[in-house]
Structure formats: structure tokens, C-alpha cells
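Comments concern the structure below.
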């Protein structure tokens, strides 16, 4: 049967490096209540203030990593889409972005017009967060309601602990770890601490004690920090990396609110001060390279590390369109449960 579509969803990107396009993208992204979880008037005021200077700064950053084909995130996601077409045997493989184009609404509407009633929705985020997984699911729900679409959805669950994801990660990173290095830093995207507090169903664990490696299942299911740390520890164990030669940090802090720690910026300085000369950095919260990996870590992070006394920061590429990753992702999508 070929009546079951697969919809891969990633974060998105500005249409170009022009300031106006970056401003439009940032406005859509930051006004999402799952990203900045403040009341609408406060969120609107805060985003308006951010948009005074941030678009020009971000446009410069995007321009520094933009490819001839376009945004690296979009280009790499399209390449993964093509690789997945060789694996997914049940119907078409489509790609949408939560922010920017092609939008979830555009793609779901087209699939409905083509007669597809079964869709596997695949948010390409290994760990769970409201600002990634939940917002994709809720946007799909909104489109279905607004357009009165007759569709059934299976939804790919967070896969930070799944053998398929870990196997793909190990095989992708292995060649880099075969070269001499002093330390491996696993830098995950950060989140405001309040995002974790509000999702702790017990109200007793997240960020109140050091439970990330021992969190009960009900807490672990929605605790982003615990999922990051557990996946990092499992990866390090599978690679045989001794304790002390790897660590975890969190990047991309925005605003003055307290975010989960340790911060990547601080960790880079600490490692250089500890005598680390050749530092490997991988970013396992991302399955495709993007501005947060290429510019924030590969460019600015490398410069900061050298200024602090390090010699070389090597950015390990994300999974991107690796054929082995496509095979493993297909296995994950095959068993996605029916949810909507």
C-alpha cells in the first residue's frame, strides 16, 4: 500500500539573509507561545523589543553560513527527505518547517487534496520539549481543525534513548573520535528553567535535586535536561569515552531569564583554562546542521575557545542526510504510534 504519507518536520529558516526576511522569521518563531511562554501582551512587547536589533545581528550570522543552495538547515533537510524516499515504502515523503516555508499547513493541505488520509508526523527532535515537539503537534492539530481535514496521524516520539538513533549517532561520530582529541563536549540547545519546572508532573524533581540520571519515568518523559544528559551518558558509554573526557553543556540562551546549565559559553572558557587544546564539540539536539551549530559553535565558539587559550575546536557534523541515519529514522517512523 502506498497511501500513507511521511511528513518530516524541522524548525525552519528565514527565506533569505535579508534583514526583512530574518525579522519575519524571528517574529513567527518568537511569538509562538510554546517558545516564549508568557501572556500574549508580555510576549508581544518582549518580541517587539528583541526585533529592534536582533534581525540585523542574525542576518549577519545567517549570511556567514549561508550556502549557494540556501539555508543549510533547509538544504540538509531536503537531502534527508530524498534519502528517506528510498526507505519509506508506504507513500510520499514530504518536508515541512514549523516556521517559514514550506509550512505544515501548506504541506498537509496538499496531501489532503491528493487524497492522503494517513500521515506519520515526524518532528525531527531527539529530546522532548514543548518548544519543539509539542508545537509541531499542536500546529498539525490547528491545521486539521481550520481546514476540516480528514486525516489520521501517527506521531514519531522523542527518540533520544532509542537504539536506532544512538546507533546512527555512534557511527556518524566514530571517525572523528578516532583522531586525537583532549575532550568531547556535547552541546545541547538550552531552554529556560521554567519550561522544565512547569512540565514536572510531580513538582518535586526538575532542577530541585540532581536527578537527571535517576529521574522516575513520569518525570523523564517530559524532562528535556534529563533526556539530554541520559542520551549523552549512553553515547559516551557506547563509545568507550572515559569519565572526565566528556561533558554536557547547553547553548543558545536568549534573554535574561535563567536557562538550564552549564552554559556552553562558560564551559568553553573552563575547558581552555583546564588545559584542553583540541576540543571536539557535537550538538545532539540537532539532526541537521544549522545556524546554532555552524555559526554559534563552529565560528563563534571556535574563536572564543582559541581566545581562552585552546588551540582547535572541531565541530562534529550532525546526522544530516547520512544514509545510515535515514535507515534508522525509517525504522523509528515505522513504529510511530497512532495519536491524532
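Just so you know, glycine gets a Cβ as well, placed from its N, Cα and C.
From a predicted model like this one, the values you see are computed outputs, not experimental measurements.
Among the features that Swiss-Prot reports, Fe cation binding site is placed at 189, 292, with the record citing sequence analysis. Neighbour count (other Cβ atoms within 10 Å of the Cβ, all protein chains): 19 for residue 292 (Fe cation binding site).
Under a cutoff of 8 A between CB atoms, and with a sequence separation of 6+ in the same chain, the neighbours of residue 189 (Fe cation binding site) are 250, 251, 252, 283, 285, 286, 292.
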